[in-house]
Every structure is written in structure tokens, then in C-alpha cells.
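S.K.: When I checked Swiss-Prot for this same protein, it listed these features:
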type	residues	note
BINDING	G10, A11, G12, K13, G14, T15, R123, T132, Y133, G203	ATP binding site
BINDING	T31, R36, Q57, L58, V59, G85, F86, P87, R88, Q92, R156, R167	AMP binding site
REGION	30-59	region 'NMP'
REGION	122-159	region 'LID'
Amino acid sequence: MRIILLGAPGAGKGTQAHYISKALDIPQISTGDMLRAAVKAETPVGLEAKKVMDAGQLVSDDIILALVKERLKNADCSNGCLFDGFPRTLAQAEALKKDGVGIDHVVEIDVADSEIITRMSGRRVHLSSGRTYHVLFNPPKQEGLDDETGEPLVQRADDEEDTVRKRLEIYHNQTAPLIEYYSGWASESIENAPRYRKIKGTGSVEEIRDRILGVLTSC
């Protein structure tokens, strides 16, 4: 079973990807990890990618797709895989289809922007320990201070509301064509079309996990 998981920053995609990978015993495939591994192993594709990166250029879709096809040949992908952060663009999705890389399921974790902004902008971190709090959902005993050390908590730059809004705007601009592409393809009910599901991304981590696994295992 090959799965693409879509979700905005803060939608819980990383957490759910871990659960899905473990429950279905399939690897979670990240293009970043693949790229680093191929460069380190000095595979032909890895050497080509290194040459591009050393020149300060972006790795092309052709190289990324070659990495994906190379990775899918590994034994641990025999029962499928979960794509993490791929495809990112409509061009990559179309290239997958053109090259005959089948996808069984596309799952979108749907969370309103307002909810994501609340989730992310409310995070506070104790930098030296990594302990994380939330001003609404998991507040420290004393406002602004770490429970164990009493040291100040900080808001990471990535969690500032303006930054979150910009990240969401980029996500929607980039992902809307992907959602339209896969949902449209799925609705055609033709052979080899993936199943597309939009899953409510609010509730407990376990509830969301069960919703996703429910649609993946009911077919």
C-alpha cells in the first residue's frame, strides 16, 4: 500500500505518519532523507544531486523522481510506503503518474487555519531541555516559566503568528493544485486511480489516528 499524506504545518502530519508507518509496517519515506542517503552512498543519482547542490542550485524534479524510484526498489518497500513531503508540486505528482509509480491512497488531514494558528502560536519552549508547553492546552504552573527550573520560556520564531500565517499561505498555494489533481483523479473511478480521503484533523491524536487507519484498512 503506497500512501501520500497531506496536511498543513501544525496539522499533526508528522505524528500521524509515524503511527501509520508503524501500524501498517511500511517505511516512511522522506525525500530529504533519500537525498542525504544517496549522496552519502555516492549512487549515480546521489552524485548527480551533489553536483547540483554544490553549485547552489535546487535539485530538479527529475532527480527527485529518480531517487524515489531507486528507493522503492528496496526490500522494505515491498508492502508499500508512506510518502512524507512528496510530491510537493503538481509537476511531481504528474511525473509520478507518467512514470507508472502507483499510489493507492491520498489522505488529507483537514484542520482549519484558525485552529492551526491557535495550536502553533500558543507553543512555548524551554530551550535548554526542549520541554514544550502551550498557553491554552498545556500551560506551565507559572505563566512564562518552566515548571522544573523556573527559567523563562520562549516562543520560537517559526511559531509566531505572522510566520504561521505565511507558512499556511505557502502551503495552500502549493498544495491546492495537488488536492484538486488527486481528488479529481480519484473521482473518475478508473483503474489504478488512488482513493482520496479528507480526514477531520481535530480531536485527540488517537482519534485522528483511528480515523486515518479506518479509511486505509476498510478498502
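Sequential numbering from 1, following the chain as shown.
Quick reminder: no glycine exception, Cβ is built from N, Cα and C everywhere.
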S.K.: Which numbers of helix, strand and coil residues does DSSP report for the region 'NMP' (30-59)?
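M.R.: Final tally across the stretch: 22 helix, 1 strand, 7 coil.
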S.K.: Please report, as numbers and ranges, the same-chain residues at least 6 past the borders of the region 'LID' (122-159) whose CB is under 8 Å from any CB of it.
M.R.: 167
S.K.: Nearest to Y133 (ATP binding site) in three-dimensional space, by Cα, is which of the binding-site residues Q57, V59, R156?
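M.R.: If we rank Q57, V59, R156 by Cα distance to Y133 (ATP binding site), first place goes to R156.
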S.K.: Hey, does DSSP put G14 (ATP binding site) in a helix, a strand, or just coil?
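M.R.: The residue in question, G14 (ATP binding site), is helix (DSSP, three-state).
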S.K.: Report the same-chain neighbours of R88 (AMP binding site): residues 6+ apart in sequence with Cβ closer than 8 Å to its Cβ, ordered by sequence.
M.R.: Q174, L178
S.K.: If I take the Cα of V59 (AMP binding site) as reference, which of the binding-site residues G10, G12, G14, R123 has the closest Cα?
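M.R.: It is G14, whose Cα lies nearest.
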S.K.: Take the region 'NMP' (30-59) and find every residue of the same chain, 6 or more past its ends, with a Cβ under 8 Å from one of its Cβ atoms.
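M.R.: Distant contacts of the region 'NMP' (30-59): 66-68, 70-71, 84-86.
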S.K.: Cα-Cα separation of G12 (ATP binding site) and R156 (AMP binding site), in Å?
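M.R.: G12 (ATP binding site) to R156 (AMP binding site), Cα-Cα distance: 18 Å.
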